[in-house]
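Let me begin by presenting the structure, written as structure tokens, before commenting on it.
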Amino acid sequence: MRSPSPKVEDQGSDPFITPEPPTKKALPTLLWQRIGEMPLVQKVKIVEAASHLGIAALNDMMKIMSHYEQSDPAVKFEILSLRKVLEQKKENQIYIGFLGCSGAGKSSLINALLYERNILPISHEEASTSVIVEISYNTRSDYQYVAEVLPIEESEIPKELEQLFEDKKAWDAQEREEDDELDPELKQRMDFTFDKYSCVFKKLRSLDALKGLSVEELLEDPNAKNMLGQRRIIENSNLREFAKSIKPFIDKSKQVGDGFAYSLWPLVKVVKLYIKTDILKTGIVLVDLPGSHDTSAARSQMAAQYMKNLALCCVTADAKRAATDKGAKDTLNDVRRRTMQLDGLYLKDSIFFIITAIDASIEPDTYIPDHPELDSAILEDVKLSNSYKESITQLDNELKEKDSRARKLEKVIQQCDERLAGLKAQFEQIISQGGAQNQNKKRKRGTTPSAGPAASPEDHKAVKYYLSLQKLRAEHHDDLNKVNIESLKIHTKKESYTKVKLNADFRIMNQCIANRKKFQVEVITKDYETTRKEISDKKSHRPLPVHCVSAVAFKHLVDGNEAKAMEKGFKTKADTGIPGLRDGLISTTWEPRLKNGLAFNEELHNAFARLEKWLEDTTASFKMTAEERLQLDGKIAQVSKNIDESFAQLHITTGKSAEQLIEKRLLSAFSKISKKAAAKLRKRVTKTVWVSRPIIWSTHRALNKNHGVWKSSHAGLFDWNEEIHGEFVDIIKKGWAQTFHVNIPTVVSEYIQEVEKRLADYADNLLSAALGISPSLREAFEYLHDSVLRNRLVKPICEEAWMAVYEKCGAEKGKGLYARNKATHKKHLNGLGGIAMYKACCDQLETALRSMCGDLHNQFEENYKEIMQEFKDEMTATLDQHTMGGDRRSNRQRTSLTKVKLQKLLPSRIEALYKDWQAEPSDEPKEDKMKPNDAKLDSDRTEADEELFLISMIL
């Protein structure tokens, strides 16, 4: 940040020196500076509106100044300073992750939040999202929807394919083993890998096809070659076309092309979507994270990185639990929960629990009897609904009778019409002839037509038959009208009854849903409080955010299908919970947006103040002699030395404070922790799921063969490494969370306060550097916040300690392998796989933490020196700008015509901005009040030309 240029006293009354303008009155406090008592949302609106106005004004003034940067180097220097201010504006990106098991409804939920119809694919048969999807706001003006598809590393695919070939070879060669059966886990692993890649490689038609193929041949497939190692960009403004284009990269459904059903998701690491929608304008970035234990190492690593950067976790669970609502608390597995606890995300400020499809599978006939706590009024609605249901059924039966009667009448009328049409010509001819015979006789009005007196009996008979058909048709037509009127009355009554029943059904479902919500919230809150106590004893006064939503009902209401929504228990969009959840997510952005906006507005304000001060002095930039510069540099060096020494001591003191905290909270307990963890592990290995809850021999061997991680088709997911690791982490995580998410941040806060105090004492013109220094120095602690406990130290040691055992047991064959493997595991507990392993974890962790603490003050010093060096470089550049070569031979200061011109153009714009900053923000965009007049921006003349021009004017 640039300091004001050194000021110089006037050197007499030389006519070339422009007199100082009169002192300005102090401006009233700007609106964005007096928002203390306002609601948070209003504060953000005012602050961000002021930022937009300030940016527009700054760009406008920089454009004006750019016309003069060639004629006066000082102008160029000022422009660079103003550009640095713009560079300090921070993007308010808030990463919000959606976690949940497969089929939890994350995609439907995100589509509803985005107000976009099925932009993410939805499947009713299986999990539809298989890769990480990041969704942020689209700032482009050409396309409404943009996607960036990032592939996984090309080297990762051959590893899985080679394993598939090896498994097929082993399957074909294996003999019957334990329990006289083939290894089902080997078959499961083959089937999984085959199903995963059969949609990618056209030649991979069946497992038997592997015999005539190789990994190299598969990788020559055009689908794979075009995808691997190449980033893809998809652009479209049509939602349907865009959704269809991205579908093969995201979900498991296959699309037919060139006679082959293909999907490319196995080759994709992450898909980034950029769309224009209101919720993303706030800076929110939504991240859809698939379930854990992805077989792709690249996707797993990317998911871990996203988890680390999340500001908020939305944990989703499907409420589909039939009539019991059981399992509501099973929203996070142990791995996810432990990860969030260590990352500081398992806090009420950082987590939302979302129950999706809250209305699913509620059958009032079974739900109400199972929940006697429901309001008794619901029974009246049930009675009313059943009563009207019977009445509607009766009306339906009446309508069926009426419809049947009407169809019969219509059939008779049709038959009459057909016969009348066939006899019409004959009838008219006979009547015409009879009319000629009776032409002297006048036929009375209404008289039935008849054949003439000379007509034959056949003609009389034909006329009589025709007239009888007409009469029959008229009678049936009258009957049909009566039936239709009666049907209309029944329909009207049915509509009335249906509305009454629909409202009764709505109230019934609405109460059932409200009861389910209450149950879910209570159970989840209770479970959360239990697990929260594992990391903190401190109570939170803020209620746990639990949102119960129905994306399907929300979609019905968006489509205008209110009846369908009411049947599900929702009358308005707000009832579905989607708008409330959207508002809740947006509310998480207010604080950072306000903080960043205020900081940026202060920078803008300071920049305009400096610019005003620079413009007030219209003399050409002051130039000091080399001797004067040398004296000034000496004074600056002494002041800088003092502040450097002061900060060096502060860094040492702060580092020691952090080290003492870690010693007290963590390191001193490591000895007890390793013993306790080993005891818990012994119990787990010898008495729990590893041996007691029987897993078949093939699963046990598959677990060993896959180094402790295996998902069985019949027994679910096993992760022995996480269990071994978890025994240690569950003991240490409370102290870890307290240290790194409570105590260390307190040290950071105290440090920053001391930094700001010392900088304020340093010098007024260095005060602006405090805002740049403080956030950067926070980074000295960031590496401590990274959960080295989980990712870098503990788990690898646990895996290493058991790797040899896994290899040995995984290679076992023949009958009795299960018993032999269990015995090997128990024996390993007494050696390197028990207390010795956890002691090694403690030693490694202690070494790392002590090393970090010992180097902490160096981390501070490096950050401090980097920031201060930037400032010193800028200050040197400023001084260089005001230093001339040789001796100054005259004290006379020339008037800068450039400044004179800018003084006529810029202050009015600054004044207009200050006026806007004092007014309430308007939602309507304002036009540029003072656009630069190109006729006034004559930059062809140099400063010397301007001086000659001024002299000629004076003369």
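Glycine residues also receive a Cβ, built from the backbone N, Cα and C atoms like all the rest.
Keep in mind it's a predicted model, so treat the numbers as computed, not measured.
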7-41, 357-391, 392-426 - the range that TrEMBL marks as coiled coil: 392-426
Candidate ranges 1-22, 881-902 [criterion: TrEMBL lists as region 'Disordered']: 1-22
Per-residue pLDDT averaged over the domain 'Dynamin N-terminal' (96-326), given as an integer: 76
Folded-back contacts onto the coiled coil (392-426), same chain, C-beta under 8 angstroms, at least six residues removed: 462, 465-466, 469-470, 472-473, 476-477, 479-480, 483-484, 486-487, 490-491, 493-494, 497-498, 501
